[in-house]
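Chemist: Per TrEMBL, transmembrane segment is recorded for B:6-22, B:34-56, B:62-83, B:90-110, B:130-148.
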Amino acid sequence: MVSLYFLLFYINILLIGCVLVYIYKLRKLIGFQLGMTISMVAGGFFAFTSGIIFIYVYPFHFLPVTIAATLLGMAVGSIFGSFFDYQTLLSGYSNGLMMGMMSPMVGAVAKNSFLFLSFAECLFFASLLLVLSSARQT
Amino acid sequence: MILYLYTMLGINILIPAVLFLTMKKKRKLFTDRYGMTISFSASLIFSLSLGTALFFTLPVSFSVLIFISAAAGSIIGLSYGILITFQSLIIGLFNGTIGSLMGTMLAAVIIDPSLCGLPSQFSTLLDRNIILITLFLTLLSLLSSLLLRFSYRV
């Protein structure tokens with residue numbers, strides 16, 4: 001079960017890397033309004049899923065899990081935001097921080113239910129698809 | 001321990017005040033969108049940190065404490081939003097209240113992990129956890145205040 005969780009986390013990292021490369025190629029075409037929304041959505045949902053996976057694997061260490069999820073969300077939101085502008089960096093940073101702070105609490109309440117994790121993964125995939133399609137249409 | 005917590009509370013009050021005073025001198029230079037971003041991120045992070053420090057410090061009951069921290073967060077959001085326009089005032093009020101409620105919830109889970117169904121820890125680890133989370137949030141708010149302070153040059 002633990003290896004399945006780590007496999008899911010690895011798939012998440014691969015997907016967010018692919019989306020990162022795709023957005024980086026299109027970054028000259030995207031305006032700042034869409035850039036702000038893209039950085040908020042990508043950083044927030046990546047922090048959400050990774051926080052849930054971490055608290056499932058290590059239920060005894062609440063504090064290091066919270067700190068790790070917060071730093072991950074901040075990093076992903078800042079990287080997505082830094083393609084466009086300084087202000088998109090700021091909004092991606094703060095939203096990733098907020099979602100990463102919240103996600104281990106939500107994952108701890110769910111008590112290792114696999115259904116909730118699959119729901120969060122579906123949410124993450126759907127948001128990445130929305131980001132890709134919105135970046136293509138502009 | 002008590003001295004450390006009060007020092008952290010003082011630092012958490014001091015950082016938004018210093019940033020607010022430096023922002024107030026330059027508020028004529030801000031555009032509309034810049035003000036919205038500033039009030040969004042500043043009120044969120046500072047009220048999160050302040051709510052956590054208030055929960056550890058004040059020896060009152062939970063219902064009084066959540067009222068105090070929500071009022072403090074909304075005051076932070078209002079004072080950052082009132083620099084620019086009415087739109088940023090509403091965003092700052094909303095985000096400040098959300099952030100302080102989140103900080104209170106985080107501190108309650110840190111003190112008693114069985115609220116979330118986690119296995120409860122020993123009492124020796126509790127002091128270490130309180131010190132670590134307060135230090136981490138204070139460093140985070142210091143970092144974001146530096147980011148916000150140097151943001152309008154770019």
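Heads up, the Cβ atoms here are built off N, Cα and C, so glycines get one too.
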Chemist: Take the C-beta pairs under 8 A between the transmembrane segment (B:34-56) and each of B:6-22, B:62-83, B:90-110, B:130-148. Which stretch has the highest count?
Modeler: B:90-110
Chemist: Name the range, of those listed as B:62-83, B:90-110, B:130-148, that has the largest tally of Cβ pairs under 8 Å with the transmembrane segment (B:6-22).
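Modeler: Top-ranked stretch among B:62-83, B:90-110, B:130-148: B:130-148.
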